[in-house]
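S.K.: Sharing a structure here in structure tokens format.
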Amino acid sequence: MSFKTVYDLITANIDSNDYFQLRKEMIVRVFLYIATVILILFTFINLFIYKNYPVAFLDIIASIISLYSIKKLKNRNTLNLAVNISSFNLFFFFLIFLILNKNNDNGLFWIMFLPIFIIPLNGHNRGLIISLIFYAIAFTIAYFGIDEWQNGNWNFHSYIRFVISSLVLLYVIYVNELAIYRSNVLLSEKEKENKEYLKKLQEMAQI
């Protein structure tokens, strides 16, 4: 399957004249497709290789929710619903995963990546708020795991590294998304000015 075929599949039924809508719908679709594939893959890994049945069951539930969100994307009027379902799914999936897995096999590595999906899906402001709420809960859970997780190897220094790394990543993603948003607004305003100028030239040419 070529890149163009994948692109056509992702952008099907999207109005390419509206850049903001195009970007938002592409982000949602790409996220849902990738998330569904990864969740299904980890369902089999946790079920048959690691035999971690609680996490495997969690993967199954999250996969079903992702598939339901993809179904909702067939109607562009339900795009915001798909975003909310995806965000809810991601938020609680990672929290429950953190409670069940703790930091076994460096599971906290996955927790840090939540803003990568949440902020582009919800926008820089709403995404930042959701991410901060998530981290406040995750940091609290991780704090109470000090000297208990990983047979006591999870200590205060490990916790501080996790907190700092997560917040730095959150800041970088937020600034990047904010820069993209402001650039798009400027481009949109410039395009609007050019269209108005062209319209005036056409009106003058008809005089």
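Positions of Cβ are set from backbone N, Cα and C atoms, glycine also.
According to TrEMBL, the protein carries these features:
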| type | residues | note |
| --- | --- | --- |
| DOMAIN | 21-177 | domain 'MASE6' |
| TRANSMEM | 30-49 | transmembrane segment |
| TRANSMEM | 55-70 | transmembrane segment |
| TRANSMEM | 82-101 | transmembrane segment |
| TRANSMEM | 107-123 | transmembrane segment |
| TRANSMEM | 128-146 | transmembrane segment |
| TRANSMEM | 158-180 | transmembrane segment |
S.K.: Should the transmembrane segment (82-101) and the transmembrane segment (128-146) be scored as in contact, given a threshold of at least 3 Cβ pairs under 8 Å and pairs 6 or more apart?
M.R.: yes
S.K.: With pairs 6 or more apart in sequence, are the transmembrane segment (128-146) and the transmembrane segment (158-180) linked by at least 3 Cβ pairs under 8 Å?
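M.R.: Yes, since the transmembrane segment (128-146) and the transmembrane segment (158-180) share at least 3 Cβ pairs closer than 8 Å, they count as touching.
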S.K.: Tally Cβ pairs under 8 Å between the transmembrane segment (107-123) and each listed stretch (30-49, 55-70, 158-180), then give the stretch with the top tally.
M.R.: 158-180
S.K.: The transmembrane segment (158-180): which same-chain residues, six or more beyond its ends, come within Cβ distance under 8 Å?
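M.R.: Residues 103, 108, 111-113, 115-116, 119-120, 123-124, 127-128, 131-132, 135, 138-139, 142-143, 146 contact the transmembrane segment (158-180) from elsewhere in the chain.
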S.K.: Determine the mean pLDDT over the domain 'MASE6' (21-177), rounding to the nearest whole number.
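M.R.: That stretch averages a pLDDT of 91.
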S.K.: Which sequence-distant residues neighbour the transmembrane segment (55-70)? Criterion: at least 6 residues beyond either end, Cβ under 8 Å.
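M.R.: Residues 29, 32-33, 35-36, 39-40, 42-43, 46-47, 82, 85-86, 89, 93, 96-97, 100-101 contact the transmembrane segment (55-70) from elsewhere in the chain.
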